Amino acid sequence: MKASLTFRTLVLFTVLSLVSFLGHAQSLKTLQKLASKDSDGLAKLDIDIFMKHVVKENKAYSVVLQLTALSPNYKCGPCKAIDRTLRSVAHGWKKQADKGGRDIVFGSLDVEDAEELFQQMKIDNIPRIMIFPADKGPQALQNPSPREMGLNAQTSSPAGMAKKLGDLFGVQIQADMPTDYFKYLTNFVTAAAAIGAVFIVYRHVDLRMLGRNVWSIATILFVLLMTSGFMWNRINSPPYMGQTRSGDVILFAPTNSQQYAVETQIVAVTYAICSLCVVALVRHVPRIANTDQRNFVTFMFVAALVLTFSYLNSVFRMKIPAYPYKLLLP
Amino acid sequence: MAQKVLGLTAVDQTSLLRIAILGLISIVAVGSRLYSVIRFESVIHEFDPWFNYRTTRYLVDNGFDKFWNWFDETAWYPLGRVVGGTLYPGIMVTSATIYNALHALNIPVDIRNVCVFLAPMFSALTAIATYHLGKEVKNATAGLLAAAFVGVAPGYISRSVAGSYDNEGIAIFLLVFTFFLWLRSVRLGSALYGALTAISYFYMVSAWGGYVFIINLIPLHVFALLAMGRYSNRLYVAYSTFYVIGTLASMQIPFVGFQPTFTSEHMAALGTFGLIQLVAFANFVRTLIPSDQFRILIRGAILGLFVIGFGGLVVLTMSGVIAPWTGRFYSLWDTGYAKIHIPIIASVSEHQPTAWPNFFFDLNMLIWLLPAGIYFSFRELSDHHVFLILYSLFAAYFAGVMVRLILTLTPIVCVMAGIAVANVFEVYLDFRNTRASDNTANNATNAKSFVNPKSEKRVSNNTADSELISSSASAGEPKGGQQQVSFFEKPSFKSFYAALPKFVVIANLLYFLCMFQWHCSWITSSAYSSPSVVLASRSPDGSQHIIDDFREAYYWLRMNTKTDAKVLSWWDYGYQLAGMADRTTLVDNNTWNNTHIATVGKILASDEDTAYDLARRHDVDYILVIFGSLLGYAGDDINKFLWMIRIAQGVYPDGFKEEDFYNSSGEYAIGDTASPAMRNSLMHKLCYYRFAEMMGPRGFDRVRKQKLPSSVTLDNFEEAFTSENWMVRIYKVKDLDNLGRNHHTVSAFEGPRHTKNIMF
């Protein structure tokens, strides 16, 4: 009884795999055909093709897929960035002569084409890069289960992503950036403008008069940038601001160890206002001759200082809930 | 004005006050660093301090010569470590000197207490040095404020609480003191002070690798002054004396050796030294030839020298004569560098970039007083102020790149904030001329004296000024006094009205200062006063529960294992193992050999059989892991495990890969859904071995909030010790079987371990 059951399973399995093997060449072709429609070789999938050719078992080719929302009414900035990155990797792969005997298809699945799927799988954050490796045949990976590629500063760059994928599949992948003429143009214009500005300043402005103020402003700006966590942003490249599920904007990341880019800008401005109040109180207020005016301006600056510092304090309290001291604002 | 109080003149009164205030600041500085001793006990903290403590004990016991030539064969087994040549001896020599001096006076203090209280004592000295620095650049008010700030600023306290016996504890004092001496030697142009700067610098070199900051900042200051056309003979004398003596002295430290002559970090100082000689020579030539020809000469010379110098530097660096920047310094400039190339640097949390809450956490209101201080420095812009501005710029940049470098930013922020607050006080604490106010006739004089130009006016001058004003005011009074005036016109109200904003500003500022002090105390007590060797938790009723697993486990090792036993652990615990357990370690916090660390990582990440093979080949007797799942202690080895894998992978790329340790859905799981590589790794097995039995069927991991793996088998290693809260687990590497079987066969034959125990 038991033996026959095993036997039946075996037969079933063989038949199934035979069918799927015949289907395999067909599947790959379908995907490749889709890919060849796109100039970068990025196949645009929909839910049927995805279910039929990507998530199936026993396939001898690998699929690298982005889950994304590129339609403008989703306003997904990161999606576009990742799309660009994936496209340059896919384009490089398409152009590459030596593919090391690997069949890798790059694809894109937009939420508009697969809304039910996204809902079913409870995919609530995009963009994501999913990898469905080959699990059969000579190209099969040791661990062929589908996986997600973590997106960080490194893998979001074309070269980094290509390297990561190349390491995974054991093949050299060369990312290819499409030439960005607009960038060249802007760079050229910026450089020309800078040279022109330097020339004009050199001809018409007395640098000795200007010197100290310019230097002090530049120094203070630099120090403000640094002390408001700018380097952290450069290294960790956080999102510009957060969003709740309902789409509201969050300005401040709720934890102590994270920050959004916009929040560092706000903090830098509050530092600057506080500083400015102190400087004004010392340098400018005493010069006002009229007592009424002077008193009024003094009170204004003190009020501005207290309010700004209270704001800073309340933001800090939000970041570190255990912080016990507060000033005016909660 | 010239009234005598207690028979002291006004000048004596102020100096007495200053001394009293400085004394109080010192007491507060020391006092606020003692939370950890009061709450726990007088114990050495964390990791690196344990090495310093161990070496200090060695120095006290064996004398300086033996210490200098010490080869420690119990570290980095089997390589060993030349301790004398690879450390900064400053802190050990300081403690040993204090210890010997106290014993010479028949005060029998334990060396551990000297070590524990060294950093707080030096923080008092830092406050005094900061006072002098502030006084040098502005006045005594700014100095006192800066001293008060630096005494309690959490940015500095974080590295100098009692028990945190680390290089930074004395190095910040030396940093500030060196800068003070440097500024004074520039002001006076005195070779004596230049030499004193060099000696202080030498002490700094002997104490902390951060001396590189000094040897780059001072030349930069000199260079900036030269570029601004502020060459003076004072500068020449100060820098030449400092550079020559300082460099020669620094080369006496074996760990530094000949580095000042060939590494890039020191090239700026050498180049500036050459430059200032040339500028001095050019100044000399200028006195001899006509100015037109001199101009041509100087232009050609500058261009030629620049090309030769820069080209030479590039060629020498390319050809390898000048060593290129070392990895740690390189990562300061190219911030992405460490992340990609040196995982061991990136893995240390204090090498991460700084988010803004960290700045506010460590410096509070000082952080927004810094730009104001920079502005005031730019208004005056003497040689001193150029230095302060450069220091702020570079320290701010470095602090932005690495969290731990907030430490070097703190002193300058305190000085700048001192200057800013002192400026406010100067204007708003001066009530001398508010009596005469809203008289239109007086307005011009009034406003002028209010501004009080050129801050440091002599006292007599000022009194004369205000007398003049008050007399002119009283001259104007009788006119109004004749008629019946309304309340608002009365002189008493007018003077009150004119002084009111001053009260408001001062009250506001004083409240901010109080808040700053509260902030600092709270941060110190809640964030920086935990020894991390001993942990504390609070029960719901508020009573404290001490968790002492580390010392328990290390003491067990000390008492129950052979003295030459080799213990394998991740490098974080190397110094503690050597210090507390006194056993041989494979790797420790002196991360000089990346390969060796990667080997340890490989052992921990491999499967049981590979690991057993490797461990036996490295003579390992015991393996120690830190496991936080029972307590919810997040800094445990499972959380550090990814770094071990990354580091191992960097050296042994043909083994496992980081991705193998994530499960199919890309999570870093530890339970039954974990990836096979994770479940088979030695680290996973050592941590979770028999843990599920203890936690019962519904147990879960309290750090990672996941279900526990249902079965963990371990054949090649034997559980030797597990501490009270399961934080430290020690395993013995089994000997080879007497019958030549492998250990899997043996345990299959003998059955599970706990059933065997029941049978006996």
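Quick reminder: no glycine exception, Cβ is built from N, Cα and C everywhere.
Annotated features in TrEMBL:
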type	residues	note
DOMAIN	B:17-417	domain 'Oligosaccharyl transferase STT3 N-terminal'
DOMAIN	B:566-622	domain 'STT3/PglB/AglB core'
TRANSMEM	B:16-35	transmembrane segment
TRANSMEM	B:114-134	transmembrane segment
TRANSMEM	B:140-158	transmembrane segment
TRANSMEM	B:170-196	transmembrane segment
TRANSMEM	B:208-228	transmembrane segment
TRANSMEM	B:235-255	transmembrane segment
TRANSMEM	B:267-289	transmembrane segment
TRANSMEM	B:301-325	transmembrane segment
TRANSMEM	B:359-378	transmembrane segment
TRANSMEM	B:385-403	transmembrane segment
TRANSMEM	B:409-429	transmembrane segment
TRANSMEM	B:496-518	transmembrane segment
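Along the domain 'Oligosaccharyl transferase STT3 N-terminal' (B:17-417), the predicted structure has mean pLDDT 88.
Across the domain 'STT3/PglB/AglB core' (B:566-622), the DSSP tally of helix, strand and coil residues reads 33 helix, 7 strand, 17 coil. Beyond its flanks by at least six residues, the transmembrane segment (B:114-134) meets 22, 25-27, 29-30, 33-34, 37, 42-44, 49, 52-53, 56, 91, 94-95, 98-99, 102, 140, 142-151, 156-157, 159-166, 169-170, 172-173, 176-177, 179-180, 183, 411, 414-415, 418-419 of its own chain at Cβ-Cβ distances under 8 Å. No contact links the transmembrane segment (B:208-228) to the transmembrane segment (B:496-518), because fewer than 3 Cβ pairs that are 6 or more residues apart lie under 8 A.
Just going by CB pairs under 8 A, the stretch in B:170-196, B:235-255, B:385-403 that sits most against the transmembrane segment (B:267-289) is B:235-255. When the stretches B:140-158, B:170-196, B:496-518 are ranked by Cβ pairs under 8 Å to the transmembrane segment (B:359-378), first place goes to B:140-158. When the stretches B:140-158, B:170-196, B:385-403, B:496-518 are ranked by Cβ pairs under 8 Å to the transmembrane segment (B:235-255), first place goes to B:170-196.
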